[in-house]
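**Student:** Below: one structure in structure tokens.
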């Protein structure tokens with residue numbers, strides 16, 4: 001299956017990349033003179049040899065000069081590839097230039113974008129720098145495409161300023177562009193926002209255009225935003241509404257926005273394109289949705305392997321299913337991209353650029369690209385799911401057969417409900433829907449490679465220069481000649497040792513002096529040109545003649561022939577999956593870089609305004625934004641003499657170190673906990689030791705003063721006892737003067753009252769106690785840091801090298817403290 005797809009990809013001039021071991025070979029002779037270079041032609045170029053239908057051809061030939069357009073617009077149309085107008089262009093452009101309100105309906109891909117672009121450019125006053133024309137589109141991709149068409153046609157108009165305003169871009173950039181903008185193209189949401197912020201002045205708008213008007217004015221879609229924008233525009237303006245489909249209710253509703261509108265409707269009873277063959281395939285229905293998806297995917301792979309095509313669009317009704325299908329096709333050897341509404345703006349624009357520049361063969365999409373997207377190389381459209389309405393179906397299949405060309409559409413539907421829905425759509429649109437033949441014949445696609453395309457592989461910005469342009473025939477000849485020369489050269493070396501040198505070996509030695517530099521396929525973009533079937537047949541004949549003519553007495557052995565036959569399939573162009581075009585460089589991130597990347601994704605990746613109110617930077621620094629209801633707490637370390645004596649015993653030193661490490665993490669990593677409950681703080685300061693260990697979480701053991709007899713082991717512990725006794729006495733005095741509040745009440749009050757009352761009591765009753773208590777344990781923490789700073793313990797340095805371990809330790813400490821706090 002994949003091999004057949006690769007063969008069709010070679011016919012459709014897919015961008016291919018060959019491994020380095022097959023490219024870096026010895027060249028025996030100079031290359032022959034290359035043939036004429038084919039020119040890339042656009043879909044609207046009627047002079048190309050592509051087949052055209054009556055959708056774009058006129059009974060009597062006409063040109064744009066007969067429309068009395070300005071000279072810069074005529075030159076721009078010619079430069080953009082528009083040589084002769086289509087029927088809708090010939091009828092609508094003169095009416096629009098007269099200032100009439102128009103409702104234009106024509107088939108997909110017949111030049112409707114060129115209609116309003118030409119009208120807009122011809123009515124523009126370049127000396128007036130204010131915004132004169134406003135164009136709205138339902139999706140960002142359509143807005144970007146309209147902007148590209150206007151700039152292409154207006155290339156000869158000096159000083160033209162046309163900008164696109166869509167979501168996902170900074171408002172500051174839009175504000176700067178609107179200072180000098182003749183034509184504003186955008187989505188309804190962003191345009192409304194710009195008007196509300198007074199960045200866009202609607203009073204200067206003279207022409208208001210709705211592209212895909214049926215979608216913009218659909219109830220529950222953009223109707224409220226369109227009404228708001230329309231009400232802010234001046235009354236004396238011209239309005240154009242353009243679309244391929246118009247439901248009956250919408251045609252009547254549009255008259256409310258316009259003054260005596262003129263209808264330009266071509267083939268309203270037959271909206272399907274003449275050059276499109278429409279097929280459907282009924283698949284088995286299963287209770288589980290993933291079983292249906294698997295069967296449709298298998299049929300899709302079979303379709304790709306049997307039908308040669310230039311590019312294909314596959315539509316799905318679900319976002320998740322589209323991404324999953326793209327992954328499956330890429331893993332099977334079919335290069336596929338995905339685009340959907342849940343992707344960010346950069347990813348969506350990148351996928352569209354790859355489709356239009358022929359950097360991907362298959363694009364899996366939702367209905368995001370079903371309207372207005374113009375990719376002239378697409379000649380196959382597949383509906384993996386039946387669309388929900390007939391308008392969506394007509395817009396989907398309109399992505400193929402652009403500007404009167406030929407194309408093919410296939411719709412997969414399950415037996416039962418989906419099949420009945422597809423039949424209703426066919427009856428509503430009056431289309432000739434045929435069942436897909438089984439097996440699929442090879443000649444189902446009438447037009448596959450009978451027009452010229454130029455394909456370029458995606459080149460990375462950090463890549464190296466690409467390989468020179470070489471046709472497929474020359475590459476095969478190079479590979480064969482190289483294998484023959486290598487074989488002859490090996491025989492020559494063997495014969496030279498036996499003092500028998502043949503003429504062929506001498507010739508091969510002279511020819512092997514030229515070498516091709518080694519380049520991998522990831523560093524090179526190999527450019528291929530499409531050839532006609534006749535040329536491919538000539539190539540095969542020339543290959544066979546070359547095989548018969550280059551055989552020498554040295555190469556008559558069966559081993560050499562077998563080697564050439566085995567090397568040929570490997571040397572043929574392969575179609576790698578899309579991931580092979582991307583260079584994945586190994587890179588190790590630190591914990592700080594991971595945190596920075598995560599915060600960048602949270603703030604910008606989701607396209608939502610997100611403000612980070614708390615930054616955790618370590619055990620000694622907790623930075624909080626005071627504007628969000630918190631207080632910026634930062635431990636200010638002061639130099640205090642070390643209280644612990646160096647003559648402490650090993651057991652007491654270990655106890656003090658373990659206690660100090662726990663307390664330092666509590667006082668610095670979770671300072672709010674130490675200040676949260678006055679009762680718990682009193683109990684922690686008055687706790688008695690158990691088994692020669694001290695713990696802040698232990699409840700009081702009956703008395704408020706600790707037993708001094710258990711602390712006679714070292715002077716450091718005596719100092720600790722005196723500090724704790726003084727702290728408890730001051731706490732008793734403060735408790736007699738102030739009303740006592742229970743910890744349970746502090747936890748159950750409202751958040752603001754709890755925060756202010758709790759901190760007011762702490763400041764009044766424990767200011768001195770907490771200061772001495774904090775200074776004491778800060779000295780222990782400083783001593784612990786100074787001790788390990790001078791040590792060369794590998795575990796400590798590993799902990800410093802991997803701060804994620806320390807972060808996990810502190811987070812776990814806070815979590816345990818909160819659990820114990822709630823239990824108390």
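Every residue number used here counts from 1 along the chain in the order it is shown.
Every residue, even glycine, has its Cβ placed from backbone N, Cα and C.
Values in this document were obtained by computation on a predicted structure and should not be read as measured data.
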**Student:** Could you let me know which of 33, 705 shows up in Swiss-Prot as phosphothreonine?
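**Tutor:** Per Swiss-Prot, phosphothreonine applies to 705.
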**Student:** Among the residue ranges 207-210, 211-214, 215-218, 219-222, I'd like the one that Swiss-Prot describes as motif 'DEAD box'.
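**Tutor:** Range annotated as motif 'DEAD box' by Swiss-Prot: 211-214.
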**Student:** Taking 385-409, 410-434, 535-559, 560-584 as the choices, which stretch does Swiss-Prot tie to region 'Disordered'?
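**Tutor:** Result: 535-559 is the stretch Swiss-Prot calls region 'Disordered'.
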**Student:** Have a look at 62-90, 91-119 and point to the one annotated motif 'Q motif' in Swiss-Prot.
**Tutor:** 62-90
**Student:** When Swiss-Prot marks a stretch as region 'Disordered', which of 290-322, 323-355, 488-520 is it?
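**Tutor:** Among 290-322, 323-355, 488-520, the range Swiss-Prot annotates as region 'Disordered' is 488-520.
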**Student:** For which of 236, 269, 365, 466 does Swiss-Prot record the feature phosphoserine?
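**Tutor:** Out of 236, 269, 365, 466, Swiss-Prot attaches the phosphoserine annotation to 269.
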**Student:** Would you kindly list the residues that approach the motif 'DEAD box' (211-214) from elsewhere in its chain, counting only those six or more residues past its ends and only Cβ-Cβ distances under 8 Å?
**Tutor:** 103, 112-113, 116, 135-138, 142, 146, 241-243, 245-247, 250, 254, 371-372, 391
**Student:** Which numbers of helix, strand and coil residues does DSSP report for the motif 'DEAD box' (211-214)?
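**Tutor:** Split into helix, strand and coil, the motif 'DEAD box' (211-214) gives 2 helix, 1 strand, 1 coil.
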**Student:** Per DSSP, how many helix, strand and coil residues does the domain 'Helicase C-terminal' (299-448) have?
**Tutor:** 63 helix, 30 strand, 57 coil
**Student:** Determine the mean pLDDT over the domain 'Helicase C-terminal' (299-448), rounding to the nearest whole number.
**Tutor:** 82
